[in-house]
Amino acid sequence: MMDSLPPMFPGRVGQMITILQLVVVLSSYANERNPETRAQYSKFSQAGSGESSQTKKTTPSSTWPSKLAMFVIYAPALVASVVLLVLGSKNDIYNELSFSVPKPSIAAYLCAIHFAKRVAEVLFLHHYSGRTDIGTPIMIGVFYTLITTLVAYAGGMSAPLAADVFGGNDNARDMIGASVFTVGILGNFYHHYLLAKLRSSSKQNKSATNGITAKTYVAPRGGLFNYCAAPHYFFELIGWAGVAIVSNHLNVYLAFAGMTSYLAGRSVAQNDFNCTRFKEKDWPRDRKNLVPFVF
């Protein structure tokens, strides 16, 4: 039975990686539901907000503009994925390295596409305001870079030669995984586009009494926003499922499980946020969090 399971990283190091991943899977959901422990970025950032300014001192030097913060979250993972793909495909460089570099794999290419898309969205699609504590994007950026490296090494364990990376023996699984990934990345982009349109049409009002900028939020509509609070998370998870299917590696499946735990908890927080911001007619209280009609 064990032979039928996907492979995992071997040895003590592999065991430590697996244990750490299990901790992430088991803890992320509760952490993201809790306002005290969830990652403080995007609309959940307290840096510079009127509420936090009375309880917490934040200075411009300890925060970044939200756009820069989001770039720092995604750009290092993109750079890491591209560097690993280039080093692994250049035999003249590969043979002279003093450390092991994974051979290119379809999973690694999909990971690079995912983070290239996220960086492009930060630069050209989304509209940002406010500031974010420096520590949060650095922490998440390191985490995503580690995930990218994990996917690259996991995929490289069974990857064919670089020239045959798209012509291996597991064509059926690769096609299924790549198709699932494509559905995920397109669905995620579409719902990000809806959010960007919503953000560009919303206005910011400035308080005449204290000079604090108050954001005017509008209930998301269109696509699967009519059925759940975070369809963009739902499709992101579909994309990560595609990466896991292509890799067929236990540690990548655990990375997908960790992402599911993290985004599921964050979707609950998003739904709670919407329920407190919008009236019943604009945001029904029985609307699901992440998966339409299910959760």
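Cβ atoms here come from the backbone N, Cα and C positions, even for glycine.
Automatic, uncurated: that is what TrEMBL annotation is.
So that you can see what the record holds, here are the features copied from TrEMBL:
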type	residues	note
COMPBIAS	40-51	compositional bias 'Polar residues'
REGION	40-62	region 'Disordered'
COMPBIAS	52-62	compositional bias 'Low complexity'
TRANSMEM	68-86	transmembrane segment
TRANSMEM	137-155	transmembrane segment
DOMAIN	172-295	domain '3-oxo-5-alpha-steroid 4-dehydrogenase C-terminal'
TRANSMEM	175-196	transmembrane segment
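For the transmembrane segment (68-86), the residues of the chain that approach it from at least six positions outside its boundaries are 41-42, 45, 101-102, 104, 108-109, 111-112, 115-116, 118-119, 122-123, 126, 128, 131-132, 134, 136-138, 140-142, 144-145, 147-149, 152, judged by C-beta separation under 8 angstroms. Secondary structure of the domain '3-oxo-5-alpha-steroid 4-dehydrogenase C-terminal' (172-295), assigned with DSSP and counted as helix (H, G, I), strand (E, B) and coil, comes to 79 helix, 8 strand, 37 coil. Summed and averaged per residue, pLDDT over the domain '3-oxo-5-alpha-steroid 4-dehydrogenase C-terminal' (172-295) gives 89.
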